[in-house]
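Asks: Let me give you the structure first, and then I'll get to my questions.
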């Protein structure tokens, strides 16, 4: 059966025998389309492989052509060199012939009487001309030989081309074998249908056509090989003829030199010039004999190539016969495979038809069930329609009901607003009375909590610190006054007034201390100081940053807010000064002369308070004034870099805020002082790596903190003598630690395991401070309006910017919001 008949047999499906098989289910159609897609992908992959093999064959053929051109070019170059040598010899002969004639003439001039010598010279000239003619014939033979060699190179190219075509035929057969193997490995699934067969037929037809093309190509190669053999036979005949000619020429050359020698001997006696010309002719003859030997060697090489080509053509014939046998076997296997595919196709079509009939029966049964359900749901649909109509009528009446309800609500709101307005005056009177009571209760609450309150704040772990302390520090979820430390396998418990987690904000910390800050307005002395090792966050808690300020700025803003609320009845003046204790020396941070030495004196007004003569004070009236004061103080404060802290504070900084108030109606006067202290951090020299000036600073800091510990121990034991004068720090804080002040200590703790010993020491010191009882703080107030500010202080007034004076207004709105709450 031919290829065309096979295609027709695959396309002629028995559609008449199966009129009802078109009702395939969705699942079968999906399987069929999926299998079609897989077959198309397989055919496309095979086509890509064929294209790839053909492209590779073309590339190899081009590379081999280049390789063949290179020896051909070298052979042509050698032939060209031989031709050039022949031309050179001919030119030398033409040059030597006139020289010989001139030599004979020169011999004839002095010996004109000797006709015998002239005849011999003419014979020599004739012999030389004959030799020139023979050399020209040899030149012609050399030219013909070059052309024959070039034709021989062409024959060799044909053999190489035939070899390439044989290789291509072998690769195509290998590709055919690969296609058959892939087809056997990827047998069609059972879901194959009739739509797959045309693609398989097209693919098989394409492979058959490729096989026929390969056969035709092999026949052409065979014909070319026979032609090349004929050409090689002709070349061999020409070479044999040329060889005989060369041998005859050699025989003639062998007989001719005797005559030349005889003539040369005669001329040699008479002229030395003629002797030189004869010597040159002999040299040229020797060169020609050498060239003849080279040509014989070339002839032997060509004969060797001819024998090699014959052997190669014999091998190629044998390979072609083997390939033809393999192609016949592949054709038989392909026909058997096509027969199996057709049988499989018919079987799959029958199975699909049976499944389609069963599924159609199930669909009919489901359709009958759906119809019964529809008949059952019709009464429920009628009920839903009635309910929908009722709801629709209610929706139409809803706008009128909503308008009525809104009118009633407006009337009730107007009635409530009237009642609130009538009660506003009474509430205002009660509010003033309750404010006075709240102030008294607030002061009593602070007094009952103790004069020295101790808070603890654990700073978070910074970005560059990988030594996490999650297992070292723990907190009590029910009691915010307990802190647990795990030290060397032991759990240590510390009880303080308040413990702040690492997630605590600056606002949350300030809310716990703002009650003490407001006591300053009522005439009490308040002291808040931060204690802890270096790098534990003391400066951040007290000063903060621009976007998130600390206690210092928040305290001043709160004072401004409280002062503004009391503005109608009270007139307050707030002054600020900043002092630094650096290496046991007082430094005025707001002054112009940083080298000026300051001292602590007793106030001469008899109040028993301490003051610093020459300390610069700024009168602040707005937050802008506060910012300028803080910038000046931070600029003059001493900081340095250590191994524990990049910006370590190397001194104790005190922010002294004095609030003096006068009642405009009664003349009653109060004066309170708020000391905000940022102590320098305690540090171990072995860890901080302090050297030189840093070492001296660390020694002074540790000495002053040790003196503070001695004062705390003396106060706790209620000794009669408290060593306040042992350090400038304790002497300056004696007012805040002597029972005439409300004091708060903020203990800063580092969460790192490497700082465990310092954290334990700080917490133990905080527990000792918490047990000190200083007594009730006294309020500084006078009945007259005379000022008591020390004349020894430098007072500077900062002019407030426009719009900073605040007036309390909108009392009715505040009371109304208070009532709603």
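The backbone N, Cα and C atoms fix where each Cβ goes, glycine too.
Annotations in TrEMBL come from automatic prediction, not curation.
Feature list, courtesy of TrEMBL:
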COILED    118-182  coiled coil
COILED    278-351  coiled coil
DOMAIN    451-772  domain 'Kinesin motor'
BINDING   532, 533, 534, 535, 536, 537, 538, 539  ATP binding site
Asks: Counting Cβ atoms within 10 Å of each candidate's own Cβ, which of the binding-site residues 532, 535, 537 comes out highest?
Replies: 532
Asks: Sort out for me which one of 533, 534 has the most neighbouring CB atoms within 10 A, since those are the binding-site residues we care about.
Replies: 534
Asks: Just how many other Cβ atoms lie inside 10 Å of the Cβ on residue 539 (ATP binding site)?
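Replies: Looking across every protein chain shown, the total is 25.
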Asks: Kindly assign residue 532 (ATP binding site) to one of the three DSSP-derived states: helix, strand or coil.
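Replies: In three-state terms, residue 532 (ATP binding site) counts as coil.
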